[in-house]
Amino acid sequence: MKKVSVLGSTGSIGKKTVDLLLKRKEEYQVEALSANSNFALLAQQANLLNAKYAAISDERFYKDLKEDLLGTNVKVEVGAPGLANVASLPVDLSVIAIVGIAGLEPVIKVIESGTKVIALANKESIVCGGKLLLKKAKERSVQIIPIDSEHNAIFQVLQNDDKCVEKIILTASGGPFLNYSLEQLRNITVNQALSHPTWKMGKKISVDSATMMNKALEIIEAHHLFKISPNRIEAVVHPESIVHGVVVYQDGFSFAVLAETDMEIPIAYALSWPERSTLNYKLDLTKQKKLTFQEPDHKCFSSLKLSMEVLNSSSPHTNSIVLNAANEIAVNEFLKSRIGFLEVVEVVKSTIENFDKYSDINSLSDIISVDFESRILANEIIKSKGICSVE
């Protein structure tokens, strides 16, 4: 049996992972689960999977979790130290589905634990950890398998042949506002931004998809994960979301990975790697009336060019951290209807342009410091703009 941990088990990816593990209880021993605040679901999952540990990050819900797990053998951990403890448990495979920069330190703890395979759904840890994180993983022979469908697709192709690659193509659905004008985007509401046409996702990533900042972060992630220069990474809008990624080789051949739009598929791949699992998803191309591709609208969705500017800047690592931090702040403010939809990317741009606390990034504390300063600056920029509420 594979020993596994799932950090962030109550989010959208975490729940999908738990569902898969429940179907295959004879294959996996769940050592630990973690959640930020959803103690009720965490307790339920821990019971169903016979987990040894359950960690709740928000200390306010420690007693609730303890009460829900009374009479079980599940050990409860709490707060940042508790999350660090369960992340440090050596397992065969750790699924990391924590949202945002909060996932970075747990990823590093998992790498240091002796765990050899990380199924990673937290792109922000790669965006902010960059070469520092990947160097640590390489030194300890840790295999990182991306769960994002696009990177998972590229990973699968490059596993077979990573020589003579011309470029990689990441596909983007275009989000719910494909072909909208700038004027139309100006009045987008929170509910509209959360209604994705093809994927079922959490709130933060749904907004990121709507602004196409998700693809911007994925470009930075791909640059690090696959050690490929920014000018050899391309994003193409593909509304049907059937083709997830393409590797173009120098001899003119291109290898694409096709699959239905359900995150269970890349999660199952990561759980089973290096083997392949059996799922009921069978793509029927005869039922696909069309597969369309188009250039992104850089005028309406400038986040893609922003990611390229960051990677080609004189301080790409620092600017990547700034971009991520400012985006997390801006998305949070948009979700509270405190800034408008178009202002999300404007806040990110302005934060990068005005950030001046540059230094070498040599440790986790350096990353945390830049992240902290970026958040302060992003909040100041939002305050200077005033409230722009969209009902």
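Quick reminder: no glycine exception, Cβ is built from N, Cα and C everywhere.
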Given that Swiss-Prot lists Thr10, Gly11, Ser12, Ile13, Asn122, Glu124, Gly202 as binding NADPH, which residue among Asn36, Asn38, Asn152, Asn231 does it place in the same site?
Asn38
Quick check on the annotation: Swiss-Prot has Asp148, Glu150 binding Mn(2+), so which of Glu67, Glu77, Glu218, Glu234 does it put in that site too?
Glu218
Taking the Cβ of Asn38 (NADPH binding site) as the reference point, list residues of the same chain whose Cβ is under 8 angstroms away and which are at least six residues distant in sequence.
Thr10
What's the number of neighbouring CB atoms sitting within 10 A of the CB on Gly11 (NADPH binding site)?
23
Taking the Cβ of each of the binding-site residues and counting other Cβ atoms inside 10 Å, which one has the highest number: Thr10, Ser12, Asn122, Asn214?
Asn122
Of Asp148, Glu150, Glu218, which binding-site residues come within 10 Å of Glu124 (NADPH binding site), going by C-alpha to C-alpha distance?
Glu218
